[in-house]
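Peer 1: Below you'll find the structure I mean.
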Amino acid sequence: MFLEVETHCHTIASGHAYNTLEEMVAEAKNKGLKGICITDHGPEMPGSCSSLYFYNLVVVPRKIDGIMVFRGCEANIIDYEGSVDLPESALNRLDFVIASLHDVCIPPGTILDHTRALISAIKNPNILCIGHPGNPLYEIDKEAVVKTAKEHNKAIEINNASFYVREKSRENCIEILKLCKKYGVYIAMGSDAHFKTDIARCDVTRKLIEEYEFPHELIVNKSLENFLEFLRLHGKNIE
């Protein structure tokens, strides 16, 4: 397996995914992973769960059948100031928060709007990763976003599902990957799995990483130790 930790996947709690948390963990084990982040959509996503779900993730065992389970969220950015749909009191209970722009939660604006939103989200200490920034619906100043991620030791996601469900994402993702290499910025390889068989699917992302010779030490989920070290950078000491 090219990566050891899945950093972006959804359960039935998201409202439009099809497996339980335990089924996702079991599939991660079947695929030889060592860890999985459960990153269900925040409450502004139609059909998703309430903030109480995220507060209560602390009851989920840290290990299930030998697989480390990280408590996460794909929070929805809900304005162009970078606010997300969970209070800080919920965010700071989680291990790995992704912030993303979704058109059902915020309408596309200008490049300046989108860039301001992502930069502001990056500056939030409880947000560790920007989700699918290659989405062509939300064009951004890629260099400004990547440089801000560098300043704050945050990760930029290269979202494998984008190559299949977000038309014209490829060119944006390649440019973002090149900029992350240029500036030494962390990336996360997210499958964005909404069904268990897609866990750890990174076929296109892996090809691009190999083609552009992206440093493996900057891939936060390449190994479990990489991921734990990335979390430690942000004050999260998980054993």
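The count begins at 1 with the first shown residue.
Cβ from N, Cα, C; glycine included.
When I checked Swiss-Prot for this same protein, it listed these features:
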- HIS8, HIS10, GLU74, ASP192: Zn(2+) 1 binding site (BINDING)
- HIS16, HIS41, HIS194: Zn(2+) 2 binding site (BINDING)
- GLU74, HIS102, HIS132: Zn(2+) 3 binding site (BINDING)
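Are these features on the surface or tucked inside, and what touches them?
Peer 2: Under the DSSP three-state reduction, HIS8 (Zn(2+) 1 binding site) is assigned to coil, being neither helix nor strand. Its own atom aside, the Cβ of HIS8 (Zn(2+) 1 binding site) has 28 Cβ atoms within 10 angstroms in the protein chains shown.
DSSP assigns HIS194 (Zn(2+) 2 binding site) to coil, not to a helix or a strand. For HIS194 (Zn(2+) 2 binding site), the Cβ neighbour count at a 10 Å cut-off comes to 17, with all displayed protein chains included.
Following the DSSP three-state reduction, the secondary structure of HIS132 (Zn(2+) 3 binding site) is coil. In sequence order, SER100, GLU157, ASN159, ALA161, SER162, ARG166, SER169, GLY190, ASP192 are the residues of the chain that are 6 or more apart from HIS132 (Zn(2+) 3 binding site) and have a CB within less than 8 Å of its CB.
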Peer 1: Other residues with Cβ within 8 Å of the Cβ centroid of GLU74, HIS102, HIS132 at the Zn(2+) 3 site?
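Peer 2: Going along the sequence, the neighbours appear as HIS41, ASN76, ILE98, SER100, LEU101, GLY131, ASN135, ASN159, ASP192.
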Peer 1: HIS41 (Zn(2+) 2 binding site): which of the binding-site residues HIS8, HIS10, GLU74, HIS102 is the nearest Cα neighbour?
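Peer 2: Nearest candidate: GLU74.
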Peer 1: Expressed to the nearest Å, what is the distance separating HIS8 (Zn(2+) 1 binding site) and HIS102 (Zn(2+) 3 binding site) at their Cα atoms?
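Peer 2: Here the two Cα atoms are 15 Å apart.
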